[in-house]
Amino acid sequence: MSVQATSVVPVQAPEAGSRNGSLARQRNAVAGYAFLAPFLLFYGVFLLYPFALGLWMSLHDWEIVGDYREYIGFLNYVELWDDPYFWDALKRTLQFAAMTAPAATLLGLVLALALQKPLRIYAALRAVFFASNIFSVTVVTLVWAMVLNPDRGLIANGLRAVGLQPIAFLADKDWAMPALMVTSLWWTAGLPMALFLAGLQQIPPEVYEAARLDKASRWAVLRHITLPALARTTLLVVVLQTVMHLQVFGQPLLMTRGGPANSTRPLVQLIYETSFRDWRSGYASAVSTVLFVLMFGVALLQFRLSRQEGE
Amino acid sequence: MADVLLRDVRKQYGSQAVIHGVSLELRHREFIVFVGPSGCGKSTLLRMIAGLEEVSGGEISIGGRRVNDTPAGDRGIAMVFQNYALYPHMTAAGNMAFGLRNIGTPRAEIEERVASAAKTLQIEHLLNRRPSQMSGGQRQRIAIGRAIVRRPDVFLFDEPLSNLDAALRVQMRVELVQLHQRLEATSIYVTHDQVEAMTMADRIVVFRDGRIEQVGTPLEVYRSPANTFVAGFMGAPKMNLLQARVVAVSPGVVEVALPGGRAVLPAEGRTLAADAPVTFGVRPEHVRPTSGEGVFRGHARAIERLGRETLLHVVGADGATLIATDTGDSTVRLGDTVSLAIEPGQGRLFGADGMALPPAAASAA
Amino acid sequence: MNRTLTDRLILALVVAAAFVWMMPMLWVLTLSLKPNEELVRSTNGIIPWPRTLEHFATLLRVSLTPRWLLNSVVVAVGMTAATLLLSSLAGYAFARIDFPGRRAVFLLVMAGLMVPEQAILVPLHAMFADWELHNTYFSLIAPRLAGPMGVFLMTQFFKAVPRELEEAAELDNAGRFKIFWSVMLPLSRPALTTLGIFTFLFAWNDFLWPVVTATQPEMYTLSVGLGSLQGNFAMSEGLGFLMASAVFASAPMLLLYVVFQRYIVQGIAITGGK
């Protein structure tokens, strides 16, 4: 029996073979954009448009409430150049990222190397170190503000127990920044660890077996096999961590409010306060643009480096 | 009735042509094997017949109906893929029923068709399993079952046995042919394995570089390869090909000079000038060691003992190699000097263009 | 023997480090279980004795925390469901439909990965203010659906599905949407799980945008609400309550983490934590 007896198409001229092609192409175009439409709608409205709007706003004196908006060209950027708060915040942000990112990378690498075995105990330990990563920034800051509290904090208790004076970490100009870094490390170190573990898994076991036959010492294996194999992962981790820590916001906002004496206020907090406390959205957008350029630069650097390595 | 007709079928990717105008007529219930080295276009052509690749030019018709613009599902074909392509999240029964459900077949009929296909393929005990719970051979049966329940006019097989181990492959070869004989359908089977082609086909189509090199029954292709490519591709071990020169041509007979002697062959060589270069092809089973004065002398460089017989690779003074067949208990040892004789009348001549000379019988008729 | 000795030494070190690592959480858990009278005296020790659930009772009875929990659940579930749908639809199109302009559109979408949320924070706020849509579930969810990471993930996943599977379905008379829905989606369960958990986690912990758009306490998520408590409560009087809030807010995530640890770690490894 013939299934398609009902759907016989009239025979076309033989050279019409390509009609199928253009028809299929049309159908693909419709289907493709139909599948994409829902996402593209959100992407356009909530990412592309606000991104462009942000650039536009940065060229205006634009107040968050009311309708006051005046085109002022690059005046916001000029003002930025002369704004000590901006330079301060930029410096803090760079400082924070430049110290936290390498530290997190190193910590992640050490943890991954120590915990890479497939045994249960190692799996449990990996879970512990990763667990702090799943808390929200508000939980983390709450916990650490308490831990670092000079009167009743965990560390203060410990210091007192051995007869030392407790330190007001978050209220001390010299201690506040390191305290925020430790908090951030505790919060995020599981991430580089996971990335390094994934990188370690991709090293073929035969290489290690060959090294064992070659009587390579543990140190030699680490130095000549493991670390070189992790080069790409390391680059990725450093970039991701840098980009991530350039965006630091919740920790200073909730733990130090940027203080003491603005010594921990990063760029994002500056954006937040300029826009939502001082109502100067145009100026805040200019700061946002600077942050974007900064992060874009880091990512671009990574792209260049990984390309070079690929060649 | 489902003849498959290809008329000047072409395929192009951009400016690159991969099928250069193939014309072919497949008869109803025929088992056709497309064979050729990888990249020769055989799979592409199969996928064009299936409707998975667009046809750049020419015409494909199935059962007298032009199908160039017909969607794959409506062509009355079913296909078995190399890696089975079973839906991993469905049971075997679900895999077989999916297509029937999509065209709104009544539930009772689906069940009946699945059951009967399962019985034919002896896979009733697998129906509730998922592909991940089956062996490769079992998966292949489900894939075939999925094709059968559609009751297609044409079965398309794309290297379906290449992922199976050797023993299973031999068994499935036989089963597939038996299945084909039971079903009212035409089968097109793509493979790069010339043993599959020889053992399964009613007719073989040999492809190279997007062109048909030869169409014929397995024996025709084996005994009378149309050119040096087919001669070298079909048969294991392949046909010996030696450079030779024409010595004399008389009606229906050509005499050629080989490195170590002469051979007289029945062929129509009127177009050949004396001393013209030709290629002389002869199957290893027609070349044997001889104690007398052979047509080829050399030393044995490799010896393959197959038990029933022994293959000798003999290298002549000029570097040419000839593979010969000896008895299973051959006493030839590596390095021995061997004289080879060719069975009288066996062998085939190819002109300078690689094409076979017409056989004598044909020109005499 | 040398190897195993070193191994044991390393293990001992890491176990000690893990204990220190867990200390803050254990201590906070302890504090949340201690009665107020005890807390006034001392915050020492990580064994909760005497213990009490009074802080958790207060939390549920008098605070807005239950409402915030509801908000967090609505936002996280809504964002996850919508992300899965949008990402798989778009990912399928990019991976498997050969439509004109595919490359260009894909690049345009992936360029979005370079735009940090801070860069669009201020204009987004202005947009929602214009529409008068701040303090709604829509404002909490919608901007987060524009992120291209899910699309990228699903595109990669669908690209790896053998093409023959789709061709088999095509021969089985399945149309585009049928292939997507009945073949590709069920196949992508592992990827969808990873993406789903990941989105859920992100939504639950989201802070910067929610703190900007949710200004009425009734529309806070747990994360934002907890942040507001930190400012409002003096550490001394509400200590147990505050710690109970922290435990309460993280408990669902910890549970999720215990159950789906594999997917979470895997998701982080794939997406690089974004």
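Cβ atoms are placed via backbone N, Cα and C, with glycine included.
Bear in mind that TrEMBL entries carry predicted annotations, made automatically and left uncurated.
The feature transmembrane segment is assigned by TrEMBL to A:29-52 (among others). If one looks beyond the transmembrane segment (A:29-52) by at least 6 residues along the same chain, no residue has a Cβ coming under 8 Å of a Cβ in the stretch.
Annotation comment: TrEMBL describes A:90-302 as domain 'ABC transmembrane type-1'.
Residues 122, 125-126, 129, 177, 180-181, 184-185, 188-197, 199-200, 222, 226, 230, 234, 237-238, 241-242, 244-246, 248, 266 of the same chain, all 6+ positions outside the transmembrane segment (A:94-115), place their C-beta atoms under 8 angstroms from a C-beta of that stretch. Look at TrEMBL and you will find A:94-115 (among others) tagged as transmembrane segment.
Feature annotation from TrEMBL assigns transmembrane segment to A:127-147 (among others). Long-range Cβ contacts of the transmembrane segment (A:127-147) within its own chain (Cβ-Cβ under 8 Å, at least 6 residues beyond either end) map to 111, 115, 153-155, 170, 179, 182-183, 186-191, 193-194, 249-251, 254-255.
What TrEMBL records for A:175-200 (among others) is transmembrane segment. Sequence-distant contacts of the transmembrane segment (A:175-200) (same chain, six or more residues past either end, CB-CB distance under 8 Å): 92, 95-96, 99-100, 103-105, 107-109, 111-113, 115-116, 126, 129-133, 135, 137, 140-141, 144, 148, 167-169, 226, 229-230, 232-234, 236-237, 240-241, 244-245, 248, 251-252, 255-256, 259-260, 263-264.
For the transmembrane segment (A:221-244), the residues of the chain that approach it from at least six positions outside its boundaries are 97-98, 100-102, 104-105, 108-109, 113, 188, 191-192, 195-196, 198-200, 202-203, 207-208, 211, 295, 298-299, 301-302, 305-306, 309, judged by C-beta separation under 8 angstroms. Marked as transmembrane segment by TrEMBL: A:221-244 (among others).
Per TrEMBL, transmembrane segment is recorded for A:283-303 (among others). For the transmembrane segment (A:283-303), the list of distant contacts is 54-55, 57-58, 62, 76-77, 79-80, 86, 89-90, 235-236, 239, 242-243, 246-247, 267-268, 270-272, 274-275: same-chain residues at least six beyond its ends, Cβ to Cβ under 8 Å.
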